[in-house]
Amino acid sequence: MRTVVAWSETPPERDGVPNVCYDVAFRPDGTQLVAGIGNRVLVFDATDGDLQHALKGHKDAVYCVAYAHNGKRFASGGADKTVIIWTNKAEGILKYTHNDSIQSLSYNPVTQQLASATASDVGLWSPEQKSVAKHKVNTRILCVSWTNDGNYLALGCFDGSVSIRDKAGSEKLKIDASSSPVWTLCWNPVETNTLAVGCLDGLLKFYLVTGQQKNKDRELGFDPLSVTYFSNGEYLAISGTDKGVQLYTRDGVFLTQIAQRDNWVWCVKPRPKNNFVAIGCDDGTLATYQLVFSTVHGLYQDRYAYRDQMTDVIIQHLITEQKVRIKCKDYVKKIAVYKDKLAVQLPNKVVIYELANGQDDYDMHYQSATKIMQKLECNLLVVTSSHVILCQERKLQLYGFDGTKEREWVLDSVIRYIKVVGGPLSREGLLVGLKSGMIFKIFVDNPFPIQLIKHTCSVRCLDLSSSRNKLAVVDENASVLVYNLTTKEKIFEEKNANSVCWNCEFEDMFCYSGNGMLSIKTGDFPLHQQKLQGFVVGFKGSKIFCLHYVSMQTIDVPQSASMYRYLERKDFDNAYKVACLGVTEADWKQLALEALQTMNLEVARKAFIRIRDVRFVELVNRTEAGKKQGLPENLLMAEIMAYQGRYQEAARLYTQAGSVEKAMEMFSDLRQFDEAKKWAEEYGRTRGETQQVQELINKQAEWSEEVKNYDAAAEMYIKAKKYDRAIAILARHAWWDKLIHVVRAVDKTDSRCLGMCAGHFRRANQYQYAKETLLKMDDTKALISLYVEENKWDDAFLLLHAHPECKADVFLPYAKHLALSDKFEEARLAYQQGGYPELATKILEQLTHNSMMENRFSDASHYFFQLSMEALKEIKTPPYSMTPEDRKLLERFSELYDKAEIYYAYSFIHDAVSTPFKTTHASTLFNVSRFLLMRTLNREPPPGISIANIVYILAKYSMELQAYKLARFAYNKLQTLLLPSQWQSEVDMQSVVVRSKPFSDAEDLRPVCYRCSTDNPLLNTQGDFCINCGAPFIRSFVTFEQLPLVEFELNSDITDEEASKLLGEDAGVDTRPTGGLERGGGGQANVLRLDEDDMINHIEDSFSAQQLVPNSTIKVDRATLRRLKNSEVLIREWPNENIPNQLFRIMEIEVPIMVGPCGHFFEQDEYEMACLEKGHAPFSHEALKPEGLQRQNSDQEDELSHSTNKASGLAFSITPKAPDWPKLSPKPPQVEATGMAVAMGRPYGRRA
């Protein structure tokens, strides 16, 4: 390293103030330099030293200056106790004072806060504050410095202490650094917690921000006056009383002297972003110095060593890019590398390092081997296995590792270049180039230099080829020359070169750099050039080592061009040597193939081994063996061509060698069957055989499938009519369009292949293709199954119409489909039509259960009704000869029908309890609750039926309708039941209120039996029948009012059909009493006739007499049937011809009564209104169909017109859809008929 004075300035004294430069400061961008000289602040151009401003503001000497880190302002302070803030344009903007002279100034790098220190206090000013915050101190402050992050401020004090303070000025830590004043200190800009302290006892100290000492004290030998970090904290520049400026490492190790002056140097500051420092002297001189850091390095083959941070040595392996750092802890002056040795020259010694494992080319572990403890001065340094050689101008000195000077050579001219070129141990040779142009070879064990060449110009660079037969020279004229050392002839010359290197692994190759280009010369071939910046310093194999400024780069250069040039000359040996330097795998293969084609088997084998091509290595060995056996060369060359993929040439060579079968076998193995067929035909013509062609076709089909050329394989199988294998391939790859072509090509009798195709189509959801296939197969069952899978129900039923035997295959999945679509009624019908009544019943049972669980009691009633009808329809024998199985069905019907009635009635109760609005008339709820209690009071109620709800409604509406006796019973019953909490208070209150009411029911509420005219109580706890005659009350299932109906039965000798004909035959006979007046013909005579056979009275007395007989069945004969009018008889027909009809007489003809599709009776007006409200028939939920304007038949009109009820005068009527119930067949006349209630075993029938 060396220093150069950039500029120097000594201003004259003014105003009688001594010219002393105490402090300087650079602007952060490095363009300005501010110096306090005398009582003025001078601003200089930092580059050339031109004075820009001379600022007068201070009345006494200026002690300190500081520049803000944002570059907008700077400050100055001095003996006049004043601090002045200036702009970067040298304009004063602010001034403030202290009580003592200003000793030091420093700007916070982050907050731009200015710290000003005096003998008694420290002040903190910032642009945002109007006043200066001052903090008293106990001792004089000599220097201040902020950390680079702006968090801490260090104060150097006269008592030898250092005070660490925060941004607010509060003291955080105090360090007792020395007993002498701390004159200067500075924080490291990179390691922000490290503080360098210079004391007036000649010591340099280092502390951490925590107060701990970092390194040992460094003895300077003088008192430091200024300490500052340089080059991003890597070095320290220190000036002092020794009148000089020194450069130290950041750890305090002395490196070199920067400047030496005639007076004390009060300050030194680095110029930002440059290798310059500015110093201020006691005589007022201001100077800047440039520091020139020279590159100190050494290279031997692929090991490169260079200096780092002036005290470290880094060794880099240029091939593996590994790096090792050696910390010498002293100034490194020179470095030399040779094989496993490393020599490092320090100021007072030379240290020799060696590798721990010298036999390992990649070992990077260096250890100290020996030291030469002498201060040796030299211009160049080289090392050998046992010596170090120092070059001093014209002199070479040889020192052993023990420090003994063994030999000295004095040459005629200044030595310009020296290089160790190898040799035996302790007998190495040196290549030396002189300024005079002489080039010598010197052996370390020979005192006499050997002249090699006398060049005409000063030598700049030298290198010797690996065989020591050729010498490359670069001279001062930038010319590169190559000499043959044997003949001393110049064999090459070129311009624009600055360095040259031979390839240490190939004799005829060297490279040189210059003019931004890299040139490579191989043999006598033309130059290969590429762009390159820097100097080539080494060439090994295909790698060139280039030094660009201070960094070493490794460049890979292609050797392919040189190899191919040798191949053109068929020089395979040199081509192989060049390839060994580094070529691509493709280049190796090309070398191997060309060597093999020319039968240079040795080079070919080595090249194939290099690229690990075992197959070709075996070929070379086989070729070599065949050559020894005397095989024809054409045969050997044919195999070589085949291995290279040149099959046509190989086939021709096989033919020339008389081995056509080998050509055919080759193409067959390659699956090039077209070519194989051609050569097979050739073989057939020459040998007269055709079997080979057929074998090739078979192989071609199988190979196409093996190599996954499935399209071609399928086509060949189709051509060969191997449809099964073609179908498998096409289906596996989902080629359905091609598969349907196979279907169309296959004969319809081939059910196996067609079945395979149909199965594949169905699994792939190819509906149309599957349908086409099944139609061709005429497989009805499979086609129906396909329709079902695709939910093509219309097609399935259309096909089912022609094939009814497949009914189960359609209806069963159709019913499941409907059930999944929540179409349960349609699903039930589908199960029935498909012949699965048990599944239809199961659906109904599940729906019924769900309805009960979900409190949908109206739906539950409907489902129970449907279940009862299904049970009734399954009865196959009439009641008078019923089998046990049918008896069970009849009992099931009775049970289900009973539950349907109960759930239907309870739906009114549930709605009344659960809905906030009353939608049912009070009398209806009153009747419903009575009906339900009489049905359920003496037995376990069905699931979901709440007795509490029923009794609650009964009690509530009994009170409303003045049935107080029944209400009292109901409220007493409620006291015994578990009630909802919201009802409890109401029930308790009404239980008390009802006791204030009469213990009787309203007379108009009490039911009268239409058979025996007995007055019945409102609630019969035994059942819903008359307490006298036991006749069941027949109620309307709209209002649950009692209807004027009395059931009667036919005599056993009368059939249902005969009864229908007899009804009303004599209904027109005069009903006046016997013996009455009869007006004669023409109306002119009155005749009195006495009839002994009083038929009318007999009929009436017979029916009325049977009415009065309790617990008996009313029987009617033919005469009674004839006299009964159609309008006063209702017939209930059941949807089973084995169940007899039930007949009922309307006791009050003025009330229009009808029987609904469910078998229940209704008042016609109520029924029609209920149908209009619900949209379906009550109880049965049968759908309605409008009948439009219609009139009843004339007979009914005549009868109704005779009564007082004019119901037949309705303009229209709502007629339920007639249930699909078959008419009953006649009973055998000899068997006595039994009432329907008795036959069904109804639980609410007659009393026992």
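Just so it is clear, glycine is given a Cβ too, placed from its N, Cα and C backbone atoms.
Note: TrEMBL annotation is automatic and uncurated.
When averaged over the domain 'IFT122 first beta-propeller' (14-190), pLDDT in the model lands at 92. Positions annotated as domain 'IFT122 first beta-propeller' by TrEMBL: 14-190 (among others).
As annotated by TrEMBL, repeat 'WD' applies to 55-86.
The annotation domain 'IFT122 first beta-propeller' is assigned in TrEMBL to 194-292 (among others).
Among the features that TrEMBL reports, domain 'IFT122 second beta-propeller' is placed at 297-552.
Positions annotated as domain 'Intraflagellar transport protein 122 homolog TPR' by TrEMBL: 559-946.
If you look up TrEMBL, you'll see 1003-1046 marked as domain 'IFT122 zinc ribbon'. Per-class residue totals from DSSP over the domain 'IFT122 zinc ribbon' (1003-1046), listed helix then strand then coil: 3 helix, 9 strand, 32 coil.
TrEMBL lists 1190-1248 with the feature region 'Disordered'.
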The domain 'IFT122 first beta-propeller' (194-292), counted residue by residue under DSSP: helix, strand, coil: 0 helix, 60 strand, 39 coil
The domain 'IFT122 zinc ribbon' (1003-1046) versus listed stretches 14-190, 297-552, 559-946: most Cβ pairs under 8 Å: 559-946
Helix, strand and coil totals (DSSP H, G, I; E, B; other) for the repeat 'WD' (55-86): 0 helix, 19 strand, 13 coil
